[in-house]
Amino acid sequence: MEAVVKKFPEKTDGAPVARPSRAEAEAAVETLLRWIGEDPAREGLKETPKRVVKAYEELFAGYDEKPADVLGRTFEEVAGYNDVVLVRDIKFHTHCEHHMVPVIGRAHVAYLPDGRVLGLSKIARLVDLYARRLQTQEAMTAQVADALDRTLKPRGVAVILDAEHLCMSMRGIRSQGSSTFTATYRGSFADDAAQQDRILRLVGCGG
Ligand SMILES: Nc1nc2c(ncn2[C@@H]2O[C@H](COP(=O)(O)OP(=O)(O)OP(=O)(O)O)[C@@H](O)[C@H]2O)c(=O)[nH]1
Ligand SMILES: [Zn+2]
């Protein structure tokens with residue numbers, strides 16, 4: 001199969017990244033199976049490289065999507081509503097870019113509309129798009145905020161992520177149950193401590 005040339009506009013400097021073929025990806029999984037001490041030829045593992053590559057297509061589908069595809073249309077018919085819109089508890093699963101191990105968490109996304117609003121589901125879709133890429137929690141927090149800022153141009157944006165990194169609980173330090181909190185505030189939220197406190201209280205992270 002031909003190598004497909006893909007671009008990852010938000011992850012790199014825009015240089016094209018050549019993808020290996022599916023067969024090469026499956027061979028890499030087979031190598032890892034042998035590396036952990038398995039026999040890739042045994043019955044239960046025969047189809048595993050194929051399944052893993054197929055699962056990766058789904059888990060990392062975010063490289064083939066752009067925020068503009070997801071955010072789509074905006075609405076202005078909101079009867080003059082101009083206070084904060086906050087979508088809480090958006091559950092997400094991503095993978096840390098250091099170990100490619102799952103990170104499981106919740107996102108809370110708030111914005112202060114400037115006339116236009118988004119369909120609420122689009123915010124969860126945006127979180128899902130960035131979750132389907134290799135991530136650090138800090139980068140994912142900033143990416144969600146930047147995309148919302150660019151697309152909607154609201155007066156303010158706040159993005160809060162609270163997540164457990166399985167690379168910390170299943171291996172390495174094996175710290176069970178710790179979670180990591182990240183938050184970024186843009187626009188009018190950036191220097192408004194009262195709004196930041198209000199959002200944190202609303203998402204259950206406030207004092
Ligand atoms: N800042 C940040 N660090 C992360 C994230 N996910 C994983 N890490 C950390 O990335 C670091 C990688 O550290 P390294 O010393 O290069 O790798 P390592 O030897 O596997 O580290 P240990 O996990 O301590 O065994 C670890 O401290 C991880 O906990 C994240 O989203 N943000
Ligand atoms: Zn990790």
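Glycine residues also receive a Cβ, built from the backbone N, Cα and C atoms like all the rest.
Nobody curates TrEMBL annotations by hand; they come from automatic prediction.
If you look up TrEMBL, you'll see CYS96, HIS99, CYS167 marked as Zn(2+) binding site. Remark: HIS99 (Zn(2+) binding site) has CYS167, ARG171 as non-local neighbours, by Cβ distance under 8 Å and separation of at least 6 in sequence. According to its DSSP assignment, HIS99 (Zn(2+) binding site) is coil.
Here TrEMBL flags 1-13 as compositional bias 'Basic and acidic residues'.
Feature annotation from TrEMBL assigns domain 'GTP cyclohydrolase I' to 26-203.
Taken from TrEMBL, the feature region 'Disordered' covers 1-21.
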Could you give the mean pLDDT over the domain 'GTP cyclohydrolase I' (26-203), rounded to a whole number? 95
Given the Zn(2+) site residues CYS96, HIS99, CYS167, which other residues of that chain have a Cβ within 8 Å of the mean position of their Cβ atoms, reported in sequence order? HIS95, GLU97, HIS98, MET100, VAL101, VAL103, HIS165, LEU166, MET168, ARG171
